[in-house]
Amino acid sequence: MHTHTIFVISDGTGITAETFGTAIMAQFDTKSRLVRIPFVDTMDKVHQAVRQINHVAESESHKPIVFTTLVNQDMLDLIESQCKGKVFDMFGTFVRPLELELGQKSLHRVGRFADISESKEYLERMEAINYTLAHDDGQTHQDLTGADVILVGVSRSGKTPTSLYLAMQFGLKVANYPLIPEDFERKQLPPALVPSRKKLFGLTIDPQRLSSIRNERRPDSKYASLVNCRYEVAEAESMMRRSGIPWLSSTTKSIEEIATTILQEVLPQHLGH
């Protein structure tokens with residue numbers, strides 16, 4: 001398997017270029033090492049990036065691959081003319097053809113988050129993250145009616161990372177609540193969740209996978225035993241069926257896939273539907 005160094009160069013955080021570049025490289029059977037160089041907003045920083053790329057090009061057997069979202073044309077020209085990597089100009093690939101199609105020049109705004117820190121969208125996103133952190137793992141029952149969605153499931157089924165992803169990526173207020181043995185004995189949802197039943201979405205997981213995850217945290221405990229994990233998962237799924245709660249298994253799905261399914265099922269308007 002070939003090994004390539006992938007550089008991601010941006011005048012902002014580099015998140016856009018990294019996400020896009022990673023998705024493209026996933027189509028190839030090649031092992032890669034990713035180097036993100038964010039906030040390249042001066043010519044000095046461009047020269048530093050070029051030196052870093054060229055050093056790798058001279059020390060490795062394969063030419064580095066460079067994904068860039070630089071907006072400044074002079075900086076981009078310097079990268080393309082002086083670096084010894086294969087450069088892919090992501091903005092140029094899409095923005096310049098769009099300028100022709102739309103009949104107008106792009107705004108050439110530098111950085112994904114330029115002038116966003118005081119915007120309504122940004123402030124709402126920060127509020128959503130704070131809400132989600134405060135309502136993680138059933139920490140509080142207060143203001144559950146303010147949640148956009150409430151995730152339920154057994155402990156370690158993926159509720160917390162999914163909640164934070166939905167908050168950070170979509171600005172959603174997400175509470176998550178663990179289903180525990182006491183709930184299974186009562187055969188009922190936790191009382192605090194009943195008024196918000198329509199906002200509930202369940203996560204389940206393969207018992208063997210759950211046991212493996214729990215053993216990393218509390219090895220050789222009843223909590224992590226396969227017998228207990230089978231019991232909890234079966235009871236949780238039964239409870240979700242009885243309560244009419246939509247749910248999915250997180251066993252083989254990425255957080256992005258889980259989040260998108262939740263949006264489709266519960267909040268389709270956030271997908272533009």
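Yeah, the Cβs are placed from backbone N, Cα and C, and that goes for glycine too.
As the structure is a computational prediction, the values presented were derived from the model and not from experiment.
Among the features that Swiss-Prot reports, ADP binding site is placed at Gly153, Val154, Ser155, Arg156, Ser157, Gly158, Lys159, Thr160.
Look at Gly153 (ADP binding site): DSSP puts it in a strand. In the three-state DSSP classification, Thr160 (ADP binding site) falls within a helix. Take the mean position of the Cβ atoms of Gly153, Val154, Ser155, Arg156, Ser157, Gly158, Lys159, Thr160, the recorded ADP site; other residues of that chain with a Cβ within 8 Å of it are Asn176, Pro178, Leu203, Ile205, Ser250. Taking the Cβ of Lys159 (ADP binding site) as reference, residues of its chain lying under 8 Å away and at least six apart in sequence are, in sequence order, Asp137, Leu151, Val152, Gly153, Asn176, Tyr177, Pro178, Leu203. Within 10 Å of the Cβ of Gly158 (ADP binding site) there are 23 other Cβ atoms, across all protein chains.
By the criterion of other Cβ atoms within 10 Å of the residue's own Cβ, the least surrounded of the binding-site residues Ser157, Thr160 is Thr160.
Annotation for Val154 (ADP binding site): spatial neighbours Pro178, Leu179, Ile180, Thr204, Ile205, Leu210, Cys229, Glu232, Val233, Ala236, criterion Cβ-Cβ under 8 Å with sequence separation of six or more. Non-local contacts of Arg156 (ADP binding site) by the CB criterion (under 8 A, 6+ apart in sequence, same chain) comprise Ile205, Leu210, Ile213, Arg214, Arg217.
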